[in-house]
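Here the structure is laid out as structure tokens; the discussion comes afterwards.
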Amino acid sequence: MTKECSLCGRSIQSSTFETPGERAFCSSGCHDVYTTLGAADSLDGTQFSPEDERTQPRDAVLPDRDGSQTFLRIDGMYSATCEAYLESLAEKQPGVTTAEASYVTETIRVDHDPETVSNDALRDVLSTLGYTAYLRDDASTGEGETSGTTRRSREMGGIRKRRDDQLLGMRYSVGFLFGAFLLVPYVAILYPAHLASIFDWQALAIFEGAFRLNSEGAFVFLRLYFVMTGLILVFTGLPVLRGAYISLKMRRPNTDLLVAITAVSAYLYSTAAVILGQNDIFYDLAIVVTAAVTAMVFYESSIKQRALDRLTELTISQVEWARTYDSDGNTQEVRVEDLDAGDVVLVRQGERVPVDGELVEDSCTVDEAIVTGESLPVLKRAGDDVIGGSIVTDGAALIRVGPDVTSSVDRITTAVWDLQSATHGVQRHADQLASYAVFLVVGAAAVGGVGALAFGMSLPDVVLLALLVLLAGSPWALGLATPLSVAKSLSSALRRGIIIFDETVFERLRDVDTVVFDKTGTLTTGEMEVIEADAPAELLDAVAALEQRASHPAANAITTAFAGTDSADNRERQSNPAGDATRMEGIDQIQEFTNHRSGIEGVIGGTSYLVGNLDLFAEQGWAVDDDIRSRVADARGFGQLPVVVGRNGIAEGLIVVGDEPRDGWDDTISQLGARGTDIVVLTGDDKEATDFFKRHDAVTHVFATVPPEGKTATIRQLKSDGQVAMVGDGTNDAPALAASDLGISLGGGTALAADAADIAIVDNDIHSVETAFDLAGAARRRVKQNNLLAFSYNGIALAALAVGVFNPLAAAAAVIAGGGLIAANTHRRLLA
């Protein structure tokens with residue numbers, strides 16, 4: 001009878017782990033999480049089926065949905081307002097049931113009836129008002145790009161780089177060049193003329209009355225500045241105007257609306273002033289505000305592009321091509337999507353398995369850590385299931401394609417997209433301020449206009465006054481402060497090898513209550529190596545020679561350590577070079593070799609050797625003394641792999657192989673714990689491999705043998721008690737990274753893990769996790785400081801307006817003061 005895991009919902013046919021009440025679990029890890037934390041919410045369609053324990057069948061698949069599910073990447077989506085607008089736009093289409101967008105990942109997921117609305121139709125509908133939509137699958141590889149990059153870098157660094165950034169750079173250039181040309185008369189004539197009207201300085205006497213517009217001059221001036229400033233406002237400021245329009249449409253005021261209010265008010269006021277023959281012309285304010293904000297947005301975009309370029313150093317875990325193998329032994333390269341159930345594919349040593357299937361013949365060793373998180377490679381024999389996305393590390397594999405013609409990595413990718421599209425971004429701090437400022441400024445302008453009208457002011461003058469209040473009172477500099485602060489913070493992080501994909505990370509990271517660490521490849525190096533060896537030198541030589549032919553999980557580590565290198569025991573034999581030469585000559589003559597499931601056996605020079613675990617020695621009837629048994633138990637207690645070695649029927653020594661803890665892991669966990677953060681270790685590896693971490697005082701919980709969907713369920717349960725950050729490196733971590741409030745991918749990991757994360761650390765320095773927390777605190781403080789300084793413009797402008805001297809000169813002074821303070825504060829170092 002088929003059951004579902006009570007924690008993660010994975011389908012299982014039998015359960016080794018049951019509790020009263022008919023609860024069933026697919027693994028001991030899910031059982032431990034459930035009994036410790038309780039049940040998590042249903043995964044709601046994000047399940048997939050990598051195996052975690054060899055005793056369980058892999059029959060969990062993504063549940064069927066009514067209709068089709070389409071994922072699209074959207075260029076130009078950068079705020080919570082964009083999310084709401086695009087969701088509403090998609091849901092208005094016939095045949096669409098639901099739509100969920102996330103500006104954090106620039107992704108929208110649309111559930112729809114493909115017969116009513118096609119994928120192409122959805123793409124066309126969502127490509128509007130400066131947004132550009134394209135299917136995520138279509139964005140995999142751009143022209144001239146390789147597949148050896150992350151999906152995120154290919155999508156955002158490829159198509160987006162060609163479309164969005166180049167156009168934004170053009171807008172910035174037009175605004176700068178035309179703006180500089182139009183500002184010359186202001187600097188040369190208009191500003192000195194206003195100074196001359198205020199100060200009785202001899203040097204300014206020649207400018208007094210210099211700027212007067214008669215009817216002919218006004219027409220020429222208006223025609224030039226009305227057209228040129230309008231060009232800058234519409235072309236350069238289009239992204240801002242679009243954002244303002246959408247914020248009004250969705251009734252969610254943001255900084256774009258504040259910038260648009262200032263720029264458009266200045267433009268309209270100036271046009272009306274020229275027509276009415278007044279000399280306070282604020283075209284310069286419209287130009288400077290539009291060009292400055294666009295320049296900062298372009299700067300922010302450039303920094304983000306630099307960060308994405310760093311991601312191309314990572315690898316991708318999905319396979320696009322497979323090698324079919326027919327009954328005559330012929331092979332042919334085909335695309336994975338062209339495979340049929342029952343096809344046989346050949347996977348050579350070092351290659352990834354393209355799809356889930358069954359090993360047809362012989363045996364091979366595969367590394368499944370990318371999917372299951374288990375640190376040790378696994379020996380597969382004919383008839384065993386093989387997971388798509390795993391790597392054949394020894395031998396070649398003939399694999400019969402399973403009935404679903406898909407891989408666990410593909411299902412994990414779909415799960416990640418599903419989770420990402422449902423992860424709504426948080427509202428920027430500046431946008432929160434803008435939502436209040438808009439009502440205050442517009443309200444003040446309306447009250448001022450009504451009051452002036454009540455006191456008998458003419459309607460044209462009332463309109464000018466209201467516009468003047470808008471352009472003086474709107475805190476447009478918030479639109480300057482935010483991208484400048486974000487760009488500086490992202491740049492500071494990038495210099496430290498930390499890639500931030502979403503600027504709201506700086507706000508979210510400070511609120512984290514729990515940090516969850518994967519073990520293999522995150523807290524550990526993820527590579528097997530010999531930690532200790534206690535055996536005679538000649539025995540180690542023989543073992544190294546045999547391991548060169550082996551598919552034993554620790555073979556590479558042992559061969560690397562002892563084949564042609566000097567260990568402590570090797571140094572002892574250097575005193576007897578003649579004997580050493582005799583031994584090496586014998587090692588070259590391997591007469592017999594047998595590969596067991598848990599070790600190897602061979603004969604060299606007439607001497608029998610056995611390498612493996614205690615069970616293998618018991619099966620073969622070899623003697624093992626109590627001292628070796630005790631040391632084996634000690635090694636297992638530290639999560640290490642003890643390999644017993646012997647000859648001629650007697651165990652003579654022990655080689656301890658393990659996945660070594662990463663340098664600095666202890667200090668990093670201690671520092672995070674000192675902040676009051678709970679630390680959880682979550683891994684697909686076995687319990688013995690995690691015992692070492694249980695002894696750390698800062699670690700709250702350790703959960704082992706947890707499958708990928710169980711990791712996601714664990715994250716969801718932890719989120720019920722607070723904000724959760726997840727640190728991982730493998731494809732099996734990707735859904736948990738996407739499900740967490742904040743995902744952190746370590747540099748040596750897979751592309752899918754990086755794609756699912758909010759932060760990617762490009763190197764393998766685990767100290768960077770703590771550095772990211774430090775940067776978040778500093779960046780958050782800097783953003784708030786700059787948002788406060790943004791109001792300095794309004795302080796100067798409103799003061800000048802109150803005393804009746806608000807003119808282009810006062811506006812310029814306010815812009816210089818506000819912008820200068822923001823720039824100076826931004827360029828201070830974030831961290832010492």
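If you go along the chain as it appears here, the first residue is 1 and each next one adds 1.
Glycine too: its Cβ is placed from the backbone N, Cα and C atoms.
Keep in mind the model is a prediction, meaning the values are calculated, not measured.
Residues or ranges marked as region 'Disordered' by TrEMBL: 42-66 (among others).
What TrEMBL records for 51-66 is compositional bias 'Basic and acidic residues'.
Taken from TrEMBL, the feature domain 'HMA' applies to 68-134.
According to TrEMBL, the region 'Disordered' annotation covers 138-158 (among others).
Look at TrEMBL and you will find 141-150 tagged as compositional bias 'Low complexity'.
Per TrEMBL, the feature transmembrane segment maps to 170-191 (among others).
What TrEMBL lists as transmembrane segment is 224-245 (among others).
The transmembrane segment feature in TrEMBL is assigned to 257-275 (among others). Counting only same-chain residues 6+ beyond the ends of the transmembrane segment (257-275), those with a CB under 8 A from a CB of the stretch are 213, 218, 221-222, 225-226, 229-230, 233, 237, 240-241, 243-244, 247-248, 281-283, 285-286, 289-290, 293, 434, 437-438, 441-442, 460, 463-464, 467-468, 470-471, 474-476, 478-479.
Positions annotated as transmembrane segment by TrEMBL: 281-299 (among others). Sequence-distant neighbours of the transmembrane segment (281-299) (same chain, 6+ residues past either end, Cβ-Cβ under 8 Å): 168-169, 171-172, 175-176, 178-179, 182-183, 186, 190, 221, 225, 229, 232-233, 236-237, 239-240, 259, 262-264, 266-267, 269-270, 273-274, 471, 476, 479-480, 483-484, 487, 808, 811-812, 815, 819.
Taken from TrEMBL, the feature transmembrane segment applies to 433-456 (among others).
Residues annotated as transmembrane segment in TrEMBL: 462-486 (among others).
According to TrEMBL, the feature region 'Disordered' maps to 561-581 (among others).
Beyond the transmembrane segment (790-823), the same-chain residues lying 6 or more positions past its ends with a Cβ under 8 Å from any Cβ of the stretch are 186, 190-191, 194-195, 198, 280-282, 284-285, 288-289, 292, 430, 468-469, 471-478, 480-481, 484. According to TrEMBL, the transmembrane segment annotation covers 790-823 (among others).
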- Item | Beyond the flanks of the transmembrane segment (224-245) by at least 6 residues, Cβ under 8 Å | 76, 79, 81-82, 129-130, 168, 171-172, 174-175, 178-179, 181-182, 254, 256-257, 259-261, 263-264, 267, 270-271, 274, 281, 283, 286-287, 290-291, 293-294, 297, 479
- Note on the structure: Lying 6 or more residues past either end of the transmembrane segment (433-456) yet within Cβ distance under 8 Å of it, the residues of that chain are 252-255, 257-258, 261, 462-463, 465-467, 469-470, 473-475, 478, 787
